[in-house]
Amino acid sequence: MTHHSLKHISDRIKQALNQIENRNLAQDLWYILGEQNFQGFLPAFTVNHFCEKYHMTDKELALILLPVSACYANPTISHFSVGAIAKGESGSFYFGANQEFCTTNIQQTVHAEQSAISHAWMRRESKITEITVNYTPCGHCRQFMNELNSAETLRIHLPHSQDNLLHHYLPDAFGPHNLQIDNRLFDKKAHNLFFVTEDPLIQAALDAANQSHAPYSKTYSGIALQLQDQQIFQGSYAENAAFNPSLPPLQTALNYLLLNGNEVENIARAVLVEQPFRLSYRGMTEELLAYLGDIPLDYIQVS
């Protein structure tokens, strides 16, 4: 599915780091990212270390890192790489980039801001405080961010303009409050979905479904992908008050897998656990898995 001539993420990151003027910073970033197998994530203590060592703010560091984040993009349709970095309440940085899939419908696409935010969500961040992106967020992403539990205070940084509130880009916004929904994306969930299993992949998918954000349809859905080396990556459904900017569970999981420096070609198994109240993501999930390499889907319906 990759569009890049430099296929491995390490090659793309090395090329991006070569463009950073501060060579010592570039070398430090190369070492840190290599040590963590090119996971697109910097814990708070690493962010603080870089800021202190190189006398910069975390906002300045995030702007420098945007080309590195964009290395994780798979722009197979647009040939246009977008990078984003979500800063969590913890102080950690979560990279994100656009993920596109040919030969299926364009609604399967993951935007860079969705990528960074869902990456943070899967790493159990509690709140997003800032997001840095190399291009102005599109309307789809503005609406997606409006679902966050930090929407009212979320700050957006662009190369040409920093410290703007989300609602500067989305005035008079329609959101969860219009539908009398108080629980937001990143708030804790308690769906109490239950299924007896000793299979760790099924349990991971069940846990992802129990974490899903679906206050409008009540279709709680989660997926787990197992790689050939037995690593497991979860994805939870992130629903949106405007419906169409919702992020399906498979996209969340694929994005998490890719942002951890892995390849979709290494997926061996997939399990979707779902309470299909008004919707179902089974068909859409099977369609995309077929494109990715005829990966069979185990589907488990719970209540």
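Glycine residues also receive a Cβ, built from the backbone N, Cα and C atoms like all the rest.
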Given Swiss-Prot lists C138, C141 for Zn(2+), the same-site residue among H111, H167, H168, H177: H111
C141 (Zn(2+) binding site) versus recorded positions N98, E100, E113 - nearest by Cα: E113
Rounded distance in angstrom between the Cα atoms of E113 (active site, proton donor) and E100 (substrate binding site): 14
8 Å Cβ shell about N98, Q99, E100 centroid, substrate site members excluded: A73, N74, P75, T76, I77, S78, A97, F101, T109, V110, H111, A112, S115
DSSP state at Q99 (substrate binding site), helix/strand/coil: strand
Which listed residue (Q99, E100, C138) has most other Cβ within 10 Å, given these are binding-site residues: Q99
